[in-house]
Amino acid sequence: MIKSLYTSISGMSAMQNALSVTSNNIANAQTVGYKKQKAVFDDLLYNNTVGAKGDDTKAGTNPKSIGNGVKFSGTSTDYNGGSITMTGINGQVAIEGNGFFVVGDSQGNGVQYTRKGTFGKSENNYIVNGEGQYVLAYKLDEDGKPDTSHPAGPISIPLGSAIDGEVSSKGSLIGNLSRDNKKIIHDFPVFNKSGDNITMRVQIEQVTELVDPDLPIGSDGKPIFPKDDNGNPIKPEKVEKPVPGKYKYTVLTRNNSKNEKEFTPIADDKAPGNGDKKPTLTKTLEFDPITGKLTRTDEAVVRDPVTKEVIKGGQVDIPFGGDTFKLNLSQLTNLPTKDTLDHKDVNGRAAAVAMDYKISDNGYVMVTYSDNSTRAISQLAVATFKNQDGLMKIGNGNYVPTASAGDPFIGVAEQNGAGKIIGGAQEGSNVDLSVEFVDLMLYQRGFQGNAKVIKVSDDVLNEVVNLIR
């Protein structure tokens, strides 16, 4: 009877610990990133009688075991993800899948791990958690990829600092140039070296006018197309391009008339303002007085050295701010429909001041500048473990690894088996209250049952004591 008392006491103690685990789960039903636990029990040592082997005359006997109760062995943690709620708050992030955020001190030491992605910034503009620990991340290289060759460290947000402007160096025109319009003008913003936002204007005109230069016999063969004081051509502003094939020329000398030939031209670009004011076009024809034939002796045409000839889609190099702006025209069409001319992929930026920050998807720390542009400066570190059941809870939503957890794999989201990070979101507790209440009732009944056994054992002992009366 005395043994049953101690057995029931062990049962009551185990149920009491299990009730504590369940009550802790219920208490943390609204805790961000909390992972519920389950009580684990083991039976205690047994008093055993060894079984005997049978012989020819009798059968063997089985061993007999009498248990000594139960013990509370500990807890197991359920690492399944909780529900994710979009909050839109800049410093809140959630991991969907496996992995833990990494926090530590200002030197990146004293590392701990957490699923609680509720972060803010310190007075020194570092990203920290609610306990003042620094959130660790990797800096980005020139290609925008995390530099994992160096350890993850604290994230400093450069709020209030200014960045220089970046001169625009490329862009594209897209859409349709209607065949029905003779002139199309399109403006788009670009940035110079000072970071100033200026407008680049592109004017596209159809080739409709032909040039009919007069070349009287006796001229030097160099027709001159006049320019104004700014170096811009005066109408007509089309120049000729050599047309392949054979030519036939007829020279007439009656009545002092001019000798004329009509050529089929292709338009050349206008000369920029810093071009030569009188570029010339040279074509040499050699006259044979015996046969009366004119022979072309050169193929080359001297063109304005600062113009760019564009026959169809391609790339135009435009002098801009001491550099070259590459304008891509390969995505233009020329259909008899309305104009849909637009621009895209124009790089460059204005000088700006860092105003705010947010953590976006996959843990990129984005800085927002005064010109409403954003720039990624780092990516949050994410740790995974071979055996995450070997992690030990230490409070405040943090974990530390034990020997059974193994060394952590520290990288970024969606690497080394890590899940993805969702920006502006919060992971809730994975506690299911309905399950916890059922467990609560079961542990309560277990406690009551063991208490009843103690009462019954006491009654039996009382009867034994009263036998001597």
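Any Cβ shown, glycine's included, is placed from N, Cα and C.
In TrEMBL, the region 'Disordered' annotation falls on 262-282 of the listed ranges 136-156, 262-282, 325-345. Using a Cβ-Cβ cut-off under 8 Å and counting only residues 6 or more beyond its ends in the same chain, the domain 'Flagellar basal body rod protein N-terminal' (5-35) has close neighbours at 41, 44, 67-72, 75, 77-80, 82, 94, 114-118, 397, 426-431, 433, 436-437, 439-440, 443-444, 446-447, 449-451, 453-454, 457-458. The average pLDDT computed for the domain 'Flagellar basal body rod protein N-terminal' (5-35) is 95.
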